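Copied over from Swiss-Prot:
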- 12-65: disulfide bond (DISULFID)
- 16-41: disulfide bond (DISULFID)
- 25-46: disulfide bond (DISULFID)
- 29-48: disulfide bond (DISULFID)
- 1-66: domain 'LCN-type CS-alpha/beta' (DOMAIN)
């Protein structure tokens with residue numbers, strides 16, 4: 001599974017500036033999911049790869065990022 005890492009409180013994606021390989025996104029994806037997850041900056045948000053099927057990713061139901 002793949003997807004944007006999401007803030008559970010406000011429903012927003014984790015923003016990033018440096019597109020492509022990005023240490024911040026990789027670190028956040030691994031902290032949220034597990035150490036074998038991958039992560040990079042895509043469309044100015046952190047995209048996580050190699051996730052388990054039950055992983056919660058953006059968009060969250062009933063949460064609108066403001």
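Cβ atoms here come from the backbone N, Cα and C positions, even for glycine.
By neighbour count, meaning other C-beta atoms within 10 Å, the densest spot among the disulfide-bonded residues 12, 16, 25, 41, 65 is 25. All protein chains considered, the CB of residue 48 (disulfide bond) has 27 other CB atoms within 10 Å. Take the CB of residue 46 (disulfide bond) and look out to 10 A: across all protein chains shown you find 25 other CB atoms.
Here the domain 'LCN-type CS-alpha/beta' (1-66) is broken down by DSSP into helix, strand and coil counts: 10 helix, 17 strand, 39 coil. The domain 'LCN-type CS-alpha/beta' (1-66) scores a mean pLDDT of 94 in the predicted structure.
Proximity of residue 29 (disulfide bond) to non-local residues of its own chain (separation of 6 or more, Cβ distance below 8 Å) is seen for 5, 37, 38, 39, 46, 48, 49, given in sequence order.
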